[in-house]
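Participant: The following block contains the structure, expressed as structure tokens.
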Amino acid sequence: MTKIFPEDKDNEPLRPDSSSDSSSTKETADAPWISRVRRHCRVQSPLGRECLAEFFSTFVLMGFGGGSGAQVTLSNGQHGNYTHITLCWGIAVMLGVHVGGTISGAHMNPSMSFTFCVLGKLPWRKLPWYCLSQVSGVFCAAWIVFLMYYPALMQYDPDFTMAKSGKIFMSSPQTTETMFSAFTTEVLCAMFLVIGVLAIAQPSNIHMNALGIPIANGLLVVGLGMAFGLNTGYAVNPATDFGCRLFAFFAGWGTSPFTANDSYWWVPVVAPCLGGVLGGVAYTVFIDAQLGNE
């Protein structure tokens with residue numbers, strides 16, 4: 001498992017109130033009920049804790065990212081534009097890494113988890129559980145965004161069409177794109193994403209303070225959106241795209257999320273996984289191997 005933050009032997013984040021100053025500890029101690037909740041809610045299984053972290057970090061990711069898309073779309077651009085959406089997705093990634101980075105590494109992306117399995121950084125047995133947790137987090141967050149903006153959504157697109165409101169939750173290719181060009185775009189976006197993530201997280205490359213890692217990952221996603229967002233909306237993440245399509249199926253869009261654009265739905269699922277592996281292999285060959293890492 002790839003973890004990016006320091007942690008103690010019990011897999012708990014290092015807390016600022018761990019000082020030996022007893023008076024300071026008393027002043028900053030949690031309420032008794034918080035201690036009880038923490039004690040009773042702690043999952044004993046390490047994999048279970050990792051899955052909860054993946055679920056919640058991806059939930060936060062989709063909440064902010066999906067919310068930005070809804071605000072810009074439903075306001076017809078009066079409350080933001082593409083740049084605002086791209087920046088908010090970067091902030092969403094930063095917050096997601098802060099939320100789950102210590103416990104699971106905050107992959108928040110099945111293609112990232114798949115790539116880590118291929119590279120030997122994550123056991124294969126954990127992959128389906130990570131993916132399920134990530135998709136579930138997106139599914140739940142999409143409902144939150146949907147309910148929050150429901151009145152505006154009904155005014156904007158009461159028929160729940162893919163051409164109008166569907167783009168809030170799901171990516172789609174430009175009309176000028178072929179299936180092949182859209183697939184290639186997603187492959188390359190995921191490749192650059194993984195190269196960036198591996199470079200940021202590798203201490204033997206340019207060492208980065210743990211607090212800088214979430215910011216760097218957020219800026220990486222902003223850069224991807226500003227450089228490669230035109231063709232397909234840079235889905236990059238199978239969880240955010242497929243999880244939202246699954247949500248839309250139950251929320252009123254019917255089967256259109258899976259049939260629109262010549263059944264485009266599989267492209268944001270398969271292409272990022274392929275691109276992620278290409279990025280991982282490329283980084284290993286061109287950088288990791290040259291650093292002398294065994």
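Glycine too: its Cβ is placed from the backbone N, Cα and C atoms.
Since this is a predicted model, take the numbers as computed values, not measurements.
Straight out of TrEMBL:
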| type | residues | note |
| --- | --- | --- |
| COMPBIAS | 1-15 | compositional bias 'Basic and acidic residues' |
| REGION | 1-30 | region 'Disordered' |
| TRANSMEM | 52-70 | transmembrane segment |
| TRANSMEM | 82-106 | transmembrane segment |
| TRANSMEM | 127-150 | transmembrane segment |
| TRANSMEM | 179-201 | transmembrane segment |
| TRANSMEM | 208-230 | transmembrane segment |
| TRANSMEM | 264-286 | transmembrane segment |
Participant: Sort out for me which stretch, of 52-70, 82-106, 127-150, 179-201, 208-230, has the most Cβ pairs below 8 angstroms to the transmembrane segment (264-286).
Facilitator: 179-201
Participant: Considering pairs 6 or more residues apart, do the transmembrane segment (208-230) and the transmembrane segment (52-70) have at least three CB pairs under 8 Å?
Facilitator: no
Participant: Quick test of the contact rule: Cβ under 8 Å, at least six residues beyond the ends. What residues does that give for the transmembrane segment (179-201)?
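Facilitator: Sequence-remote neighbours of the transmembrane segment (179-201) are 2, 4, 111-112, 115, 173, 208, 213, 216-217, 220-221, 223-224, 228, 231-232, 234-236, 262, 264, 267-268, 270-276, 278-280, 282-283, 287-288.
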